[in-house]
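Notes follow once the structure below has been shown.
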Amino acid sequence: MSVQENTLPQQLWPWIFRSQKDLAKSALSGAPGGPAGYLRRASVAQLTQELGTAFFQQQQLPAAMADTFLEHLCLLDIDSQPVAARSTSIIATIGPASRSVDRLKEMIKAGMNIARLNFSHGSHEYHAESIANIREATESFATSPLSYRPVAIALDTKGPEIRTGVLQGGPESEVEIVKGSQVLVTVDPKFQTRGDAKTVWVDYHNITRVVAVGGRIYIDDGLISLVVQKIGPEGLVTEVEHGGILGSRKGVNLPNTEVDLPGLSEQDLLDLRFGVQHNVDIIFASFVRKASDVLAVRDALGPEGQNIKIISKIENHEGVKKFDEILEVSDGIMVARGDLGIEIPAEKVFLAQKMMIGRCNLAGKPVVCATQMLESMITKARPTRAETSDVANAVLDGADCIMLSGETAKGSFPVEAVMMQHAIAREAEAAVYHRQLFEELRRAAPLSRDPTEVTAIGAVEASFKCCAAAIIVLTKTGRSAQLLSQYRPRAAVIAVTRSAQAARQVHLSRGVFPLLYREPPEAIWADDVDRRVQFGIESGKLRGFLRVGDLVIVVTGWRPGSGYTNIMRVLSVS
């Protein structure tokens, strides 16, 4: 808020509906301390009574209307209520702790939007059963069309990874790798099942060609660190920098090294075919290093999987450096901080996270923030303070989705972890500096002749100017909803669609609440449009987005089919 007394900041007026301007002036200008003082003291109830419900149903309003980012921070209020409806989607990994139908129902109630299946573990039979359970749990809510919650299913590929061999004592044995000792890293087949404390076999045959003297080799998520001293005919002679206990089949990372592994392994191809056969909605493509890796996944999905969204996981230095070309051919990005924190220095991970989220926001593509978000909740009922801040800052950075891994796959508190992410996200979303965010996104938007894109940015701007409580969009493929999400409206985007897959996939986009409309089309198309819009309004009222008297922006097409969105209306909820 401006510190001038008895004047309302000019930048505030675009946020206040024209018919409310005179009322706002009379309510604020005569207050002690002027408008700024009034807004700092007034309760939400007072503001709601004087300026209308829709404008003030979102919280942290004084901070959201601040003139500068520093002032925005100063005006954040810990006693302000969180937003009514969470906009950031929650991805939960499904595993032994969460794959039962009853537990999945609890997680859906708690706020899970996307169920992730990690194909680094488990057989196809195991994952087929998990998919069946997820769908059964989801459909158990279908008795009420207005409260039905579509849940997307994501397949996370194993990806092109490097692993050690089996130790001499068998798959369950372990050996101690002692700091300062010498270890031979070899590709000689005779050591594939005969590893020990002095010799470690790896399954990457070109390792001697790509790793230089002085380079590092990390084993088992970086717990063991080796420094290359010499490259010989038998392999790499290394010195142990950090020792530890080594088991069989552990992951190997080669930081700052461009490896020439194929983008897809044979197992990945089988897994992708499985995903197409079981109608998964999203592919999380692991260890993407360049654009051609993404195109290989698209080719593997084939015509039957052409509508599956591909989210590229950035987990290595090469992927970060080639981020723009990867983003261009991907449907979205996952900031996979686990392996990324091994491949690049841990203190630089936050830089990579902010860079990738920012570029995704500018490109209008979904971005997921993942790994160790609430790691302590694997064994504890409450997260650490640092973890809650990490989740909140991912939301403030602009992530569309936040992900839980071991917390829900194997943890003791999977439902509580989802509930905690839900609560943190609601608080963080209220603290977003929407005014600055929309202005920057609008300025950065290139000129466009695409009617759908132009209509989307106009609808978001109109939602700010008339203080709309929601934007209702009728969509066939979900593209219109994603374009609206791109400009980050404060209003909820209620996406009404007849496509079950589109309803599930729009969870990737922030602030979009999908509604699956199951009624058959009306004979007269205009009547069908009105019925779907009314369905969106009734659902919004049921979920608390809308109240009688609120304004909503309605975005529709001028004819049936996809690609014809170009009509925007303003309606009052009755």
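Heads up, the Cβ atoms here are built off N, Cα and C, so glycines get one too.
Taken from Swiss-Prot, the feature phosphoserine applies to S2, S19, S26, S43, S292. If you look up Swiss-Prot, you'll see R116, K313, G338, D339, T371 marked as substrate binding site, on the strength of similarity to another entry. Residues or ranges marked as ATP binding site by Swiss-Prot on the basis of similarity to another entry: N118, F119, S120, H121, R163, K250. Here Swiss-Prot flags N118, S120, D156, T157 as K(+) binding site. If you look up Swiss-Prot, you'll see K313 marked as site 'Transition state stabilizer'. The Mn(2+) binding site annotation in Swiss-Prot covers E315, D339, and the record cites similarity to another entry as its basis. Among the features that Swiss-Prot reports, beta-D-fructose 1,6-bisphosphate binding site is placed at T475, K476, T477, G478, R479, S480, W525, R532, R559, P560, G561, S562, G563, Y564.
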For K313 (substrate binding site): DSSP state (helix, strand, coil): strand
N118 (ATP binding site) - helix vs strand vs coil (DSSP): strand
Which same-chain residues, if any, lie at least 6 apart from R559 (beta-D-fructose 1,6-bisphosphate binding site) yet have Cβ under 8 Å of it: W525
Rounded Cα separation (Å) that holds between S292 (phosphoserine) and K313 (substrate binding site): 14
For T157 (K(+) binding site), the three-state class that DSSP assigns: coil
D339 (substrate binding site): nearby binding-site residues from S120, E315, R479, Cα cut-off 10 Å: E315
Using Cα positions only, nearest of the binding-site residues to T157 (K(+) binding site) (N118, H121, K250, K313, T475): N118
Top Cα neighbour of N118 (ATP binding site) in the set of binding-site residues D156, E315, T475, T477, R479: D156
